[in-house]
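Accompanying notes for the structure given below.
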């Protein structure tokens, strides 16, 4: 299956946050200063690149999306250079000029592909009156599908609680790249995207995955967050949601050249995809692919659709196990394919004597999504359900036959009377049964609907069932 990228030209995001100018001085280094034992860099090129929240906007614009940037700047040359560059990239901007502060600028001196030194020119915008900023946000926010907040702790988002309140009023998803240890100010946001260091600064050191998951869910519950996307350097990313198992996205870069601005790229692509109605899993998958591309570039950079597509299609062909699996492996492989944006279909039954009705039903079920899980009653479960003379075929044979079908991705068994616990663990996008079931009476149906999935009843061949086949065989034996 090939991953289809969304039409990023239709993405629609408002970006608010700390705006910076990233200035790069490039030069050659061939001698040591006589004044002090430091290298002398002969500058031969100067490049100015929008950074911080402006880099988030640049990444969205690089995809062809519609984006507006709002933030605080000084009254200076750096602000003018930002305005010129953003306008060239077709980014709409609303800058609130503060004459008591300079535009934040980070100057990096580069030589021989190495950063020699970084010099920061800044005065945090703390205690600056944000009334004008809030008024501009109130005007433009209803025109956009997603709000991306880029917090570098420079003061622009000191009013973040009020911004979140307004966005929630308009039911607009809020994606925040956070900073600092006061995550309480982000209460009510949709998604936070901390890196691992930022996450552990809040919850404490996490020695294993179990602790990460536990503390992440505690954090989400405490601050009313829908999800956390933790960026983990060479370990990729982990998406954690309150009621679902974590999703892991492996790092996609072949070689990490420069991580500058990678977090901006993640927020930009994630926000753009969500603004197009993509689900959270696929949006994170695309953001992870974008991050894998941007860290292979030097300096503050952006990605385009072709670069994301190149990473995505290579990632798509990563092999994952199929066939007969246990519950632990099933949860893992479902996590992997969900990270690719694939939809999960799940059905269950005894499947004692496989027949035409089963095959046609499973073919129709597979058409609903990308992956089909068949949960099979164990022998003990079947006897409790069908009687002491069933099953005709033992579990191993039933699962083997099902796993050989091209439309079936995974076969898993359950020993309980019904698969409710398994359904809750997997949380399929589609729960399917065949026959004359009422949706309200399907085991796990209400739970799947509550988690945003769908419950489907497919037409079953009336003259085909294992029981009727067995009955016919018994009649023929009598005759």
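In case you wondered, yes, glycine gets a Cβ from its N, Cα and C as well.
Per Swiss-Prot, the features are as follows:
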ACT_SITE  264  active site
BINDING   195, 196, 197, 198  ATP binding site
REGION    1-319  region 'Ribokinase'
REGION    346-479  region 'Cytidylyltransferase'
Closest of 195, 196, 197, 198 to residue 264 (active site), Cα positions, binding-site residues only: 195
DSSP-derived class (H/G/I helix, E/B strand, else coil) of residue 196 (ATP binding site): helix
Listed binding-site residues (195, 197), ranked by Cβ neighbours within 10 Å, top entry: 195
Other CB atoms, at most 10 A from the CB of residue 198 (ATP binding site): 19
Listed in sequence order, residues not in 195, 196, 197, 198 with Cβ within 8 Å of the centre of the ATP site Cβ atoms: 194, 199, 200, 201, 230, 231, 232
Other CB atoms within 10 A, centred on residue 264 (active site): 31
Other C-beta atoms that fall within 10 angstroms of the C-beta of residue 196 (ATP binding site): 16
